[in-house]
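What Swiss-Prot records for 272, 332, 355 is active site. The Ca(2+) binding site annotation in Swiss-Prot covers 395, 397, 434, 444, 449 and rests on similarity to another entry. Residues annotated as GTP binding site in Swiss-Prot, with similarity to another entry given as evidence: 476, 477, 478, 479, 480, 481, 482, 578, 579, 580, 581. If you look up Swiss-Prot, you'll see 515 marked as site 'Important for catalytic activity', on the strength of a large-scale study or a structure entry.
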């Protein structure tokens, strides 16, 4: 809203009705925010009618220094052009602007020019501005998604669930994306403005912002701070004392705010799910349908040979001292964004992998994607971007080698089906898990899978050979789902399927690791000789006590058990590996009473210490989109074993609708304890003489 002397008295951006029509009212009700490919209207208040033969012209400016100038046509022209029409000619003129579906996203400044018959500018009103976003509701937009329920989840939902753990023990954590929180949109454009391409040539960068492929790739590179002014610094092991430990974050908004307020200095620290969640926030805010993905048993194939090779000594200790070596992560998170790929052959539209975790350089930057999920499934590794790396993450072989004292290597196990399991995302229809593994690859062992492997250059093994190689001795690891703080048993079973007794040496090793396989210390080791009668099984129990693992367990509460069976006269040693996550209890979060916007409400959080030792330095962190910004409550004193701690916090909800309140608890000995509850915030009613009125 702005006032001018002369003919144009006032310009009204009609933000209330425009933002409602463009589904941007959650972002801001006062500033004008529109989506491309969809018309919007502004009103001119004039002191008089336009003089005879005078007319209006509209000019758009983009960039901090007006690097891009667009003249708006008076009548409907080409589909890729801006145009406007006007109604009324007295003291009020309604201007309706039509943007092309491939318009540049960004902050526009609009100048309204009153032109004389001879082409001179009589008056100029240029104080109105607006933001333009992608429009997944527009059929001609590259991000068009023709499913309203998916749009509500992948664009409009500010809360979500991210999956973690191991493929056979999947856990979830709540996350506050908060893409419509105050000034988050401004920070998202600030992220784009600080990319290397924008700093090098802002005009060219702005013009490319019409393309979601370009924007998605830019955001992927900018979410991590490797080599640029990116948002987050990654760190995968303690200490985190000069920043925030990755597991303590419960939402993206504090991260983005801290980055912006600190003068675009990177925030410490993130790991893969934090990188993915922040990218999801930015991309949803800009209007690109996006969802977080978790790939369990995710391969990091450094040398591109489609296999992950592990070198061990005879004590089962890793020998790979290379700075950059193959690894297998218990889980790895990235995002998928929905868009058409006009830069690629037909068949590559739809979900695209974007991975902001800094792992490998791509065109000189730490980014990955966008890579079509369809291309990964079909083994088309020549398409842009980074298809071989993504294909390996979900399809690589896993090979373990024993390096003997004389330097000779012995292959002890080769697994063609252990990577890329239970690929997961939150369902559109609730907080349960949707398995999308079959989006990435054909069923294990199918003919189609073997055809894809052959096309991608991965060695194909026929199923019959797999069975023949198993031999007469079989090795497996069994365990319950243990709770962190308790003692538990791991059972290693040796089965003898042959017709004679087997004599072997069994080595068992339990070690603490991080979720991305960094070793934190040995918990227990056991080597014994076993005799297994024909057609029988032998079970060996390794009991792990809390004192065995607490001194070295990581914040991910993960124990890796390896078992190696070496039987003279057999085909060779066999090995199996199990990753055992130690579960932690959830927080109890309650918000009693009716929630009404801008009226006080109290949240109650309680927690019982499950450990046999006191907890010191306890901190609760609460946040929720539309409810309250991230707030910490420190616990006074220690929490005794089996002791209960309770805290409460009063706040006033800021926005109506179904909201999530997220809580995290951390202490010296127990970290990453989460809780969540749903809060339905109602509109505020007040009684007037004429009846009821809704705020």
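Cβ coordinates come from backbone N, Cα and C, glycine included.
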(message) Taking only same-chain residues 6+ apart in sequence, whose CB is under 8 Å from that of residue 434 (Ca(2+) binding site), what do you get?
(response) 424, 425, 426, 427, 428
(request) Work through the recorded positions one by one (272, 480) and point out the residue whose CB has the fewest other CB atoms within 10 angstroms. (result) 480
(request) Using C-alpha positions only, work out which of the recorded positions 332, 355, 478, 480 is nearest to residue 397 (Ca(2+) binding site). (result) 332
(message) Within its own chain, what residues at least 6 apart in sequence put their Cβ under 8 Å from the Cβ of residue 478 (GTP binding site), listed in sequence order?
(response) 490, 491, 492, 493
(message) Validating a neighbour-count step here. Other CB atoms within 10 A of the CB of residue 482 (GTP binding site): how many?
(response) 21
(request) Mind giving me a neighbour count for residue 355 (active site)? Other Cβ atoms within 10 Å of its Cβ, every protein chain shown. (result) 32
(message) Return only the integer: C-alpha distance in Å from residue 272 (active site) to residue 355 (active site).
(response) 9
(message) Can you tell me whether DSSP puts residue 272 (active site) in helix, strand or coil?
(response) helix
(request) Between residue 449 (Ca(2+) binding site) and residue 482 (GTP binding site), find the distance joining the two CA atoms and give it rounded to the nearest Å. (result) 35
(request) With GTP as the bound species and 476, 477, 478, 479, 480, 481, 482, 578, 579, 580, 581 as its recorded binding residues, calculate the greatest Cα-Cα distance and give it in Å as a whole number. (result) 18
(request) Would you kindly give the Cα-Cα distance separating residue 395 (Ca(2+) binding site) and residue 579 (GTP binding site), rounded to the nearest Å? (result) 19
(request) Between residue 444 (Ca(2+) binding site) and residue 355 (active site), find the distance joining the two CA atoms and give it rounded to the nearest Å. (result) 25
(request) Compare the C-alpha of residue 395 (Ca(2+) binding site) with the C-alpha of each of the recorded positions 332, 355, 476, 515, 581, and give the closest one. (result) 332
